[in-house]
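Only one structure is covered here, and it is reproduced in the block below.
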Amino acid sequence: LFDGIYPFYPQQRKVSVFDVSTIIVIVVFLTFACSFLLIIPGIRGRARLYWTLRVLLSLVVGVVIIAVQFTGDWETGWVKANTSYKSFSRALVNADIGLHVGLSGVNITLMGNPVNQVNETINYNEHFAWSFDADYDHSYSEGLERGLPSPILYVAEKFTTQSPCGVHRQYRISGHYASATLWVAFCTWLISNILFSMPVLVYGGYMLLVTGAFMIFSLLSFSTVRNSPMCPIQFGTTALRTGYGGSFWLTLAIGLLCFVAGITVVALHYFNLDLLKTFFELRKDNAEEYQEMTEVYVNPHVSKGL
């Protein structure tokens, strides 16, 4: 005790959905988008619309693939409950308790209703990492030493390696493979952009299909944690239940978008190549090249001899 109160020390808190890494990724891609918007007035005619659609859609796919690796809302859950606030205390508080699961760890949120109760400000958001370069149990032990509120420690204990729930290893491995497949999807996205600019359009379409496939594989990898029985997180008569969060559904939407774009490019290549070349601004260049190749200059003296 310190002057008769429990030692709740101030500490750095990680945002449950967005963190510094996510903001950096978004700022970088917004910089690319703004740079393109500055030069787009120099593109004439219908090509301006085609370039805008291609570049912006490509940037959206790229920023989602990278950003969702740092978000913490692949699986989320909230519950409102009356619960004890401190150990060795009978004081109850009314609070919203949130669980946010990401690929590299879990965020646990505690917000009082109202925020000021029992002479304290109840507004906590703690991050516990389980990536391969982090020690989840050590983070949990540090939370015990700092004297975190009982609801946060109760939820965090469910994901420790010593917990009877046994979900720590499942979440850790699933998140690791989901992150790895997303990085592969990012590489195939880069290759597809290179192929579209070479230009070999049909192979760019194939790489878009591969990008969408790896994004779906990442979702399948993460969804395997739902096959494991989750220990009940009970606060009195209410239970905290989780479901797929925004990052999961956003990844699914972009993966399906890659499938639709890839199938469209491949189908146009086989059924309407002229329309595909028009969209990628290749028809005019090919026509000029064909015109230059057909202009033949014949030497009349040589032709007479032949």
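Any Cβ shown, glycine's included, is placed from N, Cα and C.
TrEMBL labels come from automatic prediction, so no person has curated them.
Note that the coordinates shown come from a computational prediction; the quantities given were computed from them, not determined experimentally.
What TrEMBL annotates here:
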TRANSMEM  20-39  transmembrane segment
TRANSMEM  51-71  transmembrane segment
TRANSMEM  91-110  transmembrane segment
TRANSMEM  177-196  transmembrane segment
TRANSMEM  202-225  transmembrane segment
TRANSMEM  246-271  transmembrane segment
Task: Chain residues in Cβ proximity to the transmembrane segment (177-196) (below 8 Å; excluding those fewer than six residues from its ends, i.e. six or more beyond) - done: 54, 58, 61-62, 65-66, 68-69, 103-104, 203-205, 207-208, 210-212, 214-215, 217-219, 221-222, 251, 280
Task: Distal contacts, the transmembrane segment (202-225) - CB-CB under 8 A, six or more residues away - done: 61, 65, 74-75, 103, 167, 170-171, 174-175, 177-179, 181-182, 184-185, 188-189, 191-193, 195-196, 244, 248, 251-252, 254-259, 261-266, 269
